[in-house]
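Novice: First, the structure itself, so that you have it in front of you.
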Amino acid sequence: MTTSWSDRLQNAADLPANMDGHALKKYRREAYHRVFVNRSLAMEKIKCFGFDMDYTLAVYKSPEYESLGFDLTVERLVSIGYPQELLNFVYDPTFPTRGLVFDSTYGNLLKVDAYGNILVCAHGFNFMRGPEIREQYPNKFIQRDDTDRFYILNTLFNLPETYLLACLVDFFTNCDRYTSCEMGFKDGDLFMSFRSMFQDVRDAVDWVHYKGSLKEKTVENLPKYVVKDPKLPLLLSRMNEVGKVFLVTNSDYKYTHKIMTYLFDLPHGPKPGSSHRLWQTYFDLILVDARKPLFFGEGTVLRQVDTNTGKLKIGTYTGPLQHGIVYSGGSSDIVCDLLGAKGKDILYIGDHIFGDILKSKKRQGWRTFLVIPELAQELHVWTDKSSLFEELQSLDIFLAELYKHLDSSSNERPDISSIQRRIKKVTHDMDMCYGMMGSLFRSGSRQTLFASQVMRYADLYAASFINLLYYPFSYLFRAAHVLMPHESTVEHTHVDIHETESPMATRNRCSLDFKDSDFKRHQLTRSISEIKPPNLFPQKPQEITHCHDEDDDEEEEEEEEEEEEEEE
């Protein structure tokens with residue numbers, strides 16, 4: 001009779017160290033069902049689940065939605081005086097990726113790492129090589145904090161804008177009617193800087209979103225532009241069983257109502273056979289016109305929406321939370337008060353790394369779940385093109401072999417040029433599998449700015465929040481060890497540093513016998529006082545204190561409960 005792991009693990013003596021010497025393989029869900037972890041999070045501690053709407057609950061179809069936004073923005077630019085030829089451009093989803101930086105001085109799109117080092121540089125449709133890049137960026141580096149010059153195109157809404165900027169720069173650089181300059185272009189005596197062009201594009205994008213017909217055309221053909229997932233009601237109803245669920249969106253009520261009605265327009269309720277429910281019934285709190293990221297700071301006045309007309313009722317709402325009421329404005333502090341929750345009780349789920357994730361974490365301490373729809377393709381390439389990744393590893397091995405028996409006394413210079421060329425070729429082929437700008441998360445071995453932001457601010461991330469459906473609400477999302485190079489490339493074998501290293505590299509932190517006279521202060525320099533400190537040396541912790549990665553505050557909770565009991 002075999003014993004299940006769950007039964008064996010009930011006994012501390014049967015923990016992995018004593019599991020009959022068999023190698024254990026960690027169980028993992030299918031890649032397309034996975035939720036990935038940057039910081040450990042215990043789901044049973046989450047009391048409230050918060051959602052953004054656009055690109056989170058409502059996922060817009062790609063490239064249909066981006067094409068619509070692109071076309072409308074081009075039409076707006078032409079209407080204010082830009083050349084008619086621009087109407088011939090068609091959105092190409094293989095070119096842009098999120099997280100690119102636009103240099104408004106030189107008109108370049110830059111893919112950079114977390115420190116501002118340039119990984120890819122494109123001027124229009126022309127991908128610049130190393131020498132060209134160094135002419136404008138001598139160290140292949142930018143000052144990211146120069147926000148007046150560099151604009152980060154971080155959101156999914158930025159994708160059409162990213163491609164449009166490339167189209168415009170390429171057009172004005174190569175069209176015979178215009179004279180190309182380093183910082184813009186000339187039409188006779190008229191000069192247009194890339195900075196002015198960029199501002200025109202920004203203004204046109206804002207006009208399309210807030211005054212134009214983007215939302216109108218979207219709701220006219222929702223099946224074409226919005227993904228409907230029949231599992232959505234089931235997940236929200238299960239969340240309702242273990243906590244509160246709320247919606248915070250920047251969209252107005254009329255648009256929100258049409259989108260949400262479509263998402264929940266199913267022949268059944270949470271489960272097949274159950275009766276249909278209105279979308280409002282799945283949420284304890286609904287808040288529109290949030291104006292994130294301002295919402296996570298001082299916020300705006302909280303008002304009540306008249307759901308019959310979509311207009312706001314007069315006055316500030318000061319009452320308690322009421323089920324079925326739709327609110328406008330407000331702030332994250334107000335949400336916490338209405339829900340009776342504090343920062344870490346809340347898991348907020350959104351797609352906007354700045355407006356949703358960074359601000360909710362830094363200002364409120366909310367736990368964060370970042371939705372990254374591109375992750376599905378990233379995982380596909382990662383698994384489908386594994387041969388390219390394996391070849392890169394093999395090339396690293398060949399490179400190491402060439403230097404294997406050489407040290408500082410060697411005059412031999414191995415010819416590594418062919419290996420370097422092959423590494424560049426394989427890295428390029430690998431990048432092109434993702435699109436013209438390469439992976440969202442890396443360029444070769446270098447992680448992108450976007451990847452560093454995901455790791456820094458998102459506790460959890462996945463291609464879709466629907467993946468939470470495949471985990472119990474008691475689940476502990478435990479972060480994997482993030483290894484530094486000296487940890488990931490060194491085997492777990494004992495090395496005696498006293499015998500193998502120079503005296504300059506032997507600093508250690510092992511215990512010493514401080515009672516030995518050799519470690520007492522020298523009597524000639526200072527006499528030892530007869531009055532000794534209460535604790536002469538620190539004591540090694542006898543209880544578990546170094547457990548910051550487990551999202552485990554049991555002792556704090558017990559202390560709080562004891563204090564509450566004493567007060568009663």
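Backbone N, Cα and C define each Cβ position, glycine as well.
Swiss-Prot feature annotations, pasted as is:
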- Asp52, Asp54, Asp351: Mg(2+) binding site (BINDING)
- Asp52: active site, nucleophile (ACT_SITE)
- Asp54: active site, proton donor (ACT_SITE)
- Arg144, Asn154, Gln453, Arg456: ATP binding site (BINDING)
- 528-568: region 'Disordered' (REGION)
- 548-568: region 'Required for tetramer assembly' (REGION)
- 550-568: compositional bias 'Acidic residues' (COMPBIAS)
Novice: According to DSSP, does Asp54 (Mg(2+) binding site) fall in a helix, a strand, or coil?
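Specialist: Strand, per DSSP.
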Novice: Validating a neighbour-count step here. Other CB atoms within 10 A of the CB of Asp54 (Mg(2+) binding site): how many?
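Specialist: There are 20 such Cβ atoms around Asp54 (Mg(2+) binding site).
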Novice: By the DSSP assignment reduced to helix, strand and coil, which category contains Arg456 (ATP binding site)?
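Specialist: Helix, per DSSP.
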Novice: Measure from the Cα of Asp351 (Mg(2+) binding site) to the Cα of every one of the binding-site residues Arg144, Asn154, Gln453, Arg456, then give the nearest.
Specialist: Asn154
Novice: Around the recorded Mg(2+) site, report the further residues of that chain (criterion: Cβ within 8 Å of the mean position of the Cβ atoms of Asp52, Asp54, Asp351; site residues excluded), sequence-ordered.
Specialist: Met53, Tyr55, Thr56, Leu57, Ala58, Thr249, Gly350, His352, Asp356, Val371
Novice: Using a 10 Å cut-off on CB atoms, tell me which of the binding-site residues Asp52, Asp351 is the least crowded.
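Specialist: Result for the binding-site residues Asp52, Asp351: minimum number of other Cβ atoms within 10 Å at Asp351.
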Novice: The record lists Arg144, Asn154, Gln453, Arg456 as binding ATP. What's the largest Cα to Cα distance among them, in Å, rounded to a whole number?
Specialist: 17
Novice: In angstrom units, rounded to an integer, how far apart are the Cα atoms of Arg456 (ATP binding site) and Asp54 (Mg(2+) binding site)?
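Specialist: On Cα coordinates alone, these residues lie 23 Å apart.
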Novice: Here's one to test understanding: among the binding-site residues Arg144, Asn154, Gln453, whose C-alpha is closest in space to the C-alpha of Asp52 (Mg(2+) binding site)?
Specialist: Asn154
Novice: Compile a sequence-ordered list of residues in the same chain as Arg144 (ATP binding site), six or more apart from it, whose Cβ lies below 8 A from its Cβ; state 'none' when nothing qualifies.
Specialist: Val101, Val112, Gly116, Phe150, Ile152, Leu449
Novice: Same chain, not part of Arg144, Asn154, Gln453, Arg456: whose C-beta falls within 8 angstroms of the C-beta centre of the ATP site? Give them in sequence order.
Specialist: Gly99, Ala114, Ile152, Ile353, Phe354, Leu358, Leu449, Phe450, Ser452, Tyr457
Novice: Check each residue in the chain of Gln453 (ATP binding site) that is at least six apart in sequence and keep those whose C-beta is under 8 Å from its C-beta; list them in sequence order.
Specialist: Gly99, Ala114, Asn154, Ile353, Leu358
Novice: Counting other CB atoms within 10 A of each CB, which of the binding-site residues Asn154, Arg456 comes out lowest?
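Specialist: Each of the binding-site residues Asn154, Arg456 was scored; lowest Cβ tally within 10 Å is Arg456.
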